[in-house]
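*Asks:* Shown below is the structure under consideration.
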Amino acid sequence: MSTNSRQILVTCALPYANGPIHLGHMLEHIQADIWVRFQRMRGNEIYFVCADDAHGTPIMLKADQMGVKPEQLIADVQQKHMADFNGFNISFDNYHSTHSDENRELVEAIYHKLTQNGFIKTRTISQLFDPEKAMFLPDRFVKGTCPKCKAEDQYGDNCEVCSATYSPIELISPRSTVSGATPVLKESEHFFFDLPAFGAMLTEWIRSGSLQQEVANKMQEWFEAGLQQWDISRDAPYFGFKIPNTDNKYFYVWLDAPIGYMASFKNLCGKKSGIDFDSFWSKESHAELYHFIGKDIMYFHSLFWPAMLDGASLRKPNNIFVHGYVTVNGEKMSKSRGTFIQAATYLKYLDPECLRYYYAAKLGSRIDDLDLNLDDFVQRVNTDLVNKLVNLASRNASFIQKRFDGKLANKLDDKMLFDEFIAQSELIADYYENREFGKAIREIMALTDKANKYVDEKAPWVIAKDESRTDELQQVCSMGIELFRVLIGYLKPVLPNLAARAEAFLNTQLTWENVASPLLDHQIAPFKPLFSRLDMKKIEEMIEASKIENAKANQTAGKSAVENKAFSEFEPIEESITIDDFCKVDLRVAKVLKCEAVPESNKLLKFILDIGNETRQVFSGIKAAYGKPEDLEGRFVIMVANLAPRKMKFGMSEGMILSAGNGGADLYLLDVDAGAKAGQRVK
């Protein structure tokens with residue numbers, strides 16, 4: 001094992017301070033925490049920091065809706081976020097806020113450095129302005145059609161379908177999400193970061209080989225499309241940091257948010273002696289810096305952030321570790337189905353170690369979505385952790401306690417088997433290092449099977465009946481406990497609570513290095529239950545609780561929108577129609593026979609539908625919302641059956657499938673209750 005201690009700084013993306021943590025957030029934080037805990041076990045000097053992203057118009061407007069100041073809102077949300085992360089054993093060394101003195105100082109220092117180096121430009125721009133609310137509209141408060149791929153209902157800064165970035169004025173048919181009004185153009189002087197000046201540096205960074213291949217490929221696409229100067233300013237009213245020497249200009253939240261990584265670390269340096277800020281962030285730093293993020297914010301972290309750091313003469317990250325989204329039972333998390341589960345709700349019903357283990361068992365180093373299949377969740381946790389792992393300890397501990405007063409044997413019964421377990425240490429370590437947690441879990445569980453096979457073949461319950469085999473009984477049961485100890489050591493980064501209980505039982509502390517040292521002639525503590533079975537009834541209760549909580553949240557949001565009329569995600573109701581108008585639309589239940597992605601399109605899925613007496617081919621722009629189209633096969637949808645066929649580039653579309661949502665990844669197919677049949681008319 002390596003004896004050279006590495007200096008490492010790890011961050012997670014900053015949760016936005018206007019809403020709760022959910023199980024989608026937890027994927028990233030669990031992934032990072034496992035990696036951090038592994039590095040600590042290896043003896044490396046590692047710091048793990050995060051913060052709340054606490055600026056921007058959404059926070060300003062939500063605070064206004066609630067009748068509180070933004071500072072009060074973000075303080076309350078931060079306490080809830082920290083409680084959720086603590087509940088899931090996320091071992092941050094520091095959790096801070098972007099609305100802090102450290103962040104303000106760093107933001108202004110980096111801005112001044114970029115200005116001195118000639119990377120900040122100013123020019124007057126035409127900006128969208130809400131005539132009803134008398135305010136300039138931030139990017140995320142304008143929606144319209146993407147100018148690149150023509151996907152509808154996209155935000156004003158980037159497209160969730162094709163990942164393109166653009167100016168809000170480039171949107172086709174824009175509308176204000178604050179009032180629903182059509183915005184008008186109004187001039188304003190803005191500040192820009194000269195991103196194109198860093199093209200050569202970013203190209204070299206892509207080719208370094210350190211980035212995930214999917215990230216490098218996507219960056220290459222963005223380069224080919226051309227880098228644009230980045231607007232880093234926003235007009236008042238805005239909740240954030242004011243740009244120095246201006247009256248009503250503020251830093252865009254995406255400028256100060258990643259600097260929040262630095263601010264949280266600087267705050268830690270002020271609280272804990274012996275940590276040097278510059279040794280981690282200076283241009284000459286030899287420390288390692290890694291960001292764990294979701295694929296939805298890849299653009300900002302892979303282009304703007306390294307360019308900002310380079311322009312301010314600071315070091316760049318060694319790597320950006322990008323993960324996919326969480327789905328539940330093969331579908332997007334749904335508030336109506338109760339699968340949009342808040343972290344706090346989960347903690348009321350289930351052990352956080354169960355989710356940590358399940359996520360780890362399915363996580364790899366690629367940017368693949370992870371499906372939380374609830375049936376598989378129960379089976380895997382109960383089989384692996386209860387039936388195999390914990391049972392290995394319990395079936396041997398009782399003999400050691402009753403017959404030998406808790407004393408382990410003074411030699412190994414099967415040294416070859418023990419050596420085989422230790423020999424896997426570096427392979428498992430390599431899997432952890434490279435974030436191939438699923439592969440690590442598979443290796444560990446394969447060893448668990450071998451350990452149980454050893455106990456089954458030795459049959460200590462048979463040996464115990466023969467008084468002449470007392471020494472053999474002690475050695476066999478001690479061997480079983482030794483193998484359990486090694487396995488728990490390997491799983492400690494994933495299951496810190498279980499590991500702590502096991503350490504108390506084993507009367508020892510587990511490090512990666514001492515896993516190889518057997519506990520010979522060692523006193524252990526009386527065995528206590530280490531882990532409880534996962535109960536599907538508890539999951540069902542959690543789902544029902546989530547439905548109720550989400551419904552209440554929607555009612556509160558709806559009431560606030562009506563009372564304050566400050567902000568609404570929903571489109572205004574269209575003009576009234578007559579019943580005769582509605583009856584012209586023939587809505588039918590359709591069964592999905594086949595569904596596949598259209599390779600040449602960024603947003604289309606191709607459906608073959610059974611509508612009772614015939615089949616139809618329909619193209620639907622929901623690709624971003626349903627990443628595994630084959631999973632839709634066999635389910636029922638609602639379609640407009642009498643819509644005139646439309647000839648498209650990829651074939652004839654013979655109808656329209658109905659879905660709800662804001663567009664892009666935020667779309668949900670309409671369901672029908674059990675019993676409905678293909679071809680039935682919707683009335």
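The backbone N, Cα and C atoms fix where each Cβ goes, glycine too.
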*Asks:* Have a look at 332-336, 362-366, 537-541, 677-681 and point to the one annotated motif ''KMSKS' region' in Swiss-Prot.
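*Replies:* Matching range for motif ''KMSKS' region': 332-336.
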*Asks:* Among 15-25, 37-47, 400-410, 609-619, find the range that Swiss-Prot records as motif ''HIGH' region'.
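*Replies:* Feature motif ''HIGH' region' in Swiss-Prot: residues 15-25.
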*Asks:* By Cβ distance under 8 Å, which residues at least 6 away from the ends of the motif ''HIGH' region' (15-25) in the same chain are close to it?
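*Replies:* For the motif ''HIGH' region' (15-25), the list is 50, 52-54, 56, 58-59, 62, 73-74, 77-78, 80-81, 84-85, 97, 325-326, 328, 333, 340-344, 346, 355, 372.
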*Asks:* How many helix, strand and coil residues does the domain 'tRNA-binding' (581-683) contain under DSSP?
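*Replies:* Split by secondary structure, the domain 'tRNA-binding' (581-683) comes out as 7 helix, 46 strand, 50 coil.
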*Asks:* Which of the listed binding-site residues (Cys146, Cys149, Cys159, Cys162) has the least company, meaning the fewest other Cβ atoms within 10 Å of its Cβ?
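*Replies:* Each of the binding-site residues Cys146, Cys149, Cys159, Cys162 was scored by Cβ atoms within 10 Å; lowest is Cys149.
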*Asks:* Should anything in the same chain at least six residues away from the motif ''KMSKS' region' (332-336) have a Cβ under 8 Å from its Cβ atoms, list it; otherwise answer none.
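*Replies:* Sequence-distant neighbours of the motif ''KMSKS' region' (332-336): 22-24, 325-326, 546-547, 550-551, 553-554, 625-626, 665, 668.
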*Asks:* Within 10 Å of the Cβ of Lys335 (ATP binding site), how many other Cβ atoms are there?
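*Replies:* The answer is 16.
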*Asks:* Tell me whether Lys335 (ATP binding site) sits in a helix, a strand or coil according to DSSP.
*Replies:* coil
*Asks:* Give the distance between the Cα atoms of Lys335 (ATP binding site) and Cys159 (Zn(2+) binding site), rounded to the nearest whole Å.
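*Replies:* With distance taken Cα to Cα, Cys159 (Zn(2+) binding site) is 23 Å from Lys335 (ATP binding site).
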*Asks:* I'd like the per-state residue tally for the motif ''HIGH' region' (15-25) from DSSP, helix first, then strand, then coil.
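*Replies:* Split into helix, strand and coil, the motif ''HIGH' region' (15-25) gives 3 helix, 2 strand, 6 coil.
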